[in-house]
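What follows is a single structure, written as structure tokens, with notes after it.
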Amino acid sequence: MNAVALRVAELRRVLRHHEYKYHVEDAPEIPDIEYDKLMQELKALEADHPELVTSDSPTQRVGAAPLAAFEQVRHEVPMLSLDNVFDEESYLAFSKRIGDRLKNGDDLTFCCELKLDGLAVSLLYEEGILVQAATRGDGTTGENITSNIRTVGAIPLRLEGENIPRRVEVRGEVFMKHGGFEKLNEEARRTGSKVFANPRNAAAGSLRQLDPRITAKRPLTFFCYGVGLLEGGELPASHWERLMQFKAWGLPVSDRIKLCTGPAEVLDFYRQVEQTRSSLGFDIDGVVVKVDSLALQERLGFVARAPRWAVAFKFPAQEQLTWVRDVEFQVGRTGAITPVARLEPVAVAGVIVSNATLHNADEIERLGLQIGDRVIVRRAGDVIPQIVGIVESERPETVQPIVFPAACPVCGSDVERVEGEAVTRCTGGLICGAQRKEALKHFVSRRALDVEGMGDKIIDQLVEKEYVKTPADLFRLSAGIMTGLDRMGPKSAMNLVNALEKAKSTTLARFLYALGIRDVGESTAANLAAHFGSLETLFAADEDALLEVPDVGKIVAAHVRHFLEEEHNQTVIRELTDPAGINIYWPEVKVVNAEEIDSPFAGKTVVLTGSLSILSRDEAKDRLTALGAKVSGSVSKKTDMVIAGEAAGSKLAKAQELGIPVIDEAEMIRLLNNHGDVSTL
């Protein structure tokens, strides 16, 4: 066997291994970009040496075999994948090939869509009813996931409208948005459950649950992008019009779709999406470009594993391989000690990455990470870079275990890890310089006291020069002291003093949030303020009283009581609010007495879920609260009502499971109109 044949055999072996890891085990070992490079190399070798092409080559089929745990489903129309291009030159070559075949390349209309990073599925509707859902599998045979798909709120169980075919197979992508993914992992860390590396793995793992009740709790959503089988009916003759028809039937379709004439407009769309992808709220890895005319698609036909009339125009890689050179430990405002990996610098999604958070000891154990490992680093949009896997096959003999410190790396205080929690914390409190800095940065942040111009570097200097130890010290600073800071002139110093004075006028909710009570975010702070109305009432509240507040459970109640009972914190709060001293103040909070309100929401714990189209989420919360409702962020047995907007997901499913009444936005608006001031509606 010659050198080329040996390389072809090796590439096939490696690609098959990674196909199995990716498609079957949902545990990819290498980034997509590395897999794509290997596939491109094999394609090139087979193109140069066609005598080496075999029917079982990875270039001749779509993916790997499905798991046997689910019933297998044979696709009546194969689910093919797309060929990829990775730069503008390659895309233009694709466009030219099509233009040459059709003799009208510059005038050709393309339908451009987002390339979603989730799990491809097919949905079979008969007489408008969802009867079967399946994964792609190997393109010919997939897995029957109907029971799980039925739990995804974005997917209609019945199509609505006219001209619905007798049988139609809709194809699309199930994925998870960033917000839902982060909440899922937060809950997993809190309970010691499995933490997912990225939203794609979370979506795939959620659909492969044998128990649909687990899938129902996962924040999955769906966009459709094509059709497979079609019997007993007709669809429009353009891809764009088909998507619009799907939308009319109640199927979710992305609003980031554009018809482009010629390659120049396609490139403009690609660049625009690449620049704005971080604001989408979910992962994409490129743009899919399809010839819009179905007649022209038919003329162009297919190659072995992909259509000639479409291509995936991929973005620069968001995952890359690099080495862990060291691990250091940082201390946050609540004392949480976070391990940070120092990496061999590598370009990921156009940014040089040299650090990645490791979260906690459990995450290090889950990854099996050691210093010196070869790792996969991911950076998506503005998300902090993270290590999502290691390449065990490249682990050197010189690796060293990562050992958590027994004492705080900043102040030397003892560290502790409370049973049932994933986080290790410094016990030094505000004697720890790191905690002091982070607590002060939080106090002046935009969503807290909002001290304009008081940036992180200024706080660092104030603490290091020992000008400031508590939040109260900030308001004692003079312009003269400020001018002693780096890059701080008299005018800037005076502006900061004025900003601190302005920040004294705030709200009780902002003040409570600014204090940095553990696990008390903006929403919980607002609920505490609305429920108790004053600091005095909050200080007097026992655990039972705190548990009456929406979103406050036993753990949060304990954190609030512990913070308010701590003598140092009481001193700081007195200093900050003393009318004869610093005098931070806020308007009186009117506490709503549900018993005095004639409203269907009075005294009810209400949860909002999904997207609202008439009111904003904040407007809805304000209106509901004004009518006596307690607006909570999570569904539990204490929930009295769920208001479900569009694309409601796991909260709606949980409400249905618990038998909690559910109304839609229109019904909420009707009730608000009947029982409140309609001028704001």
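Using N, Cα and C of the backbone, Cβ positions are placed for all residues, glycine too.
Worth saying up front: this structure is predicted, and the values here are computed from it rather than measured.
Site annotation for NAD(+) in Swiss-Prot covers D32, I33, E34, Y35, D36, S81, L82, E113, E173, K290, K314, and the matching candidate from R12, R136, R150, R333 is R136. Looking at C432 (Zn(2+) binding site) and D32 (NAD(+) binding site), their Cα atoms lie 43 Å from each other.
Residue pairs drawn from D32, I33, E34, Y35, D36, S81, L82, E113, R136, E173, K290, K314, the listed NAD(+) binders, are separated by up to 25 Å at the Cα level. Summed and averaged per residue, pLDDT over the domain 'BRCT' (596-681) gives 80.
Remark: C426 (Zn(2+) binding site) has V331, G335, I337, C408, V410, C411, S413, D414, V415, C432, A434, Q435 as non-local neighbours, by Cβ distance under 8 Å and separation of at least 6 in sequence.
Taking CA atoms as the reference points, K290 (NAD(+) binding site) and K115 (active site, N6-AMP-lysine intermediate) are 12 Å apart. In the three-state DSSP scheme, C426 (Zn(2+) binding site) falls into the strand class. Note: the CA-CA distance between E34 (NAD(+) binding site) and K115 (active site, N6-AMP-lysine intermediate) rounds to 18 Å. For the domain 'BRCT' (596-681), DSSP puts the residue distribution at 34 helix, 17 strand, 35 coil.
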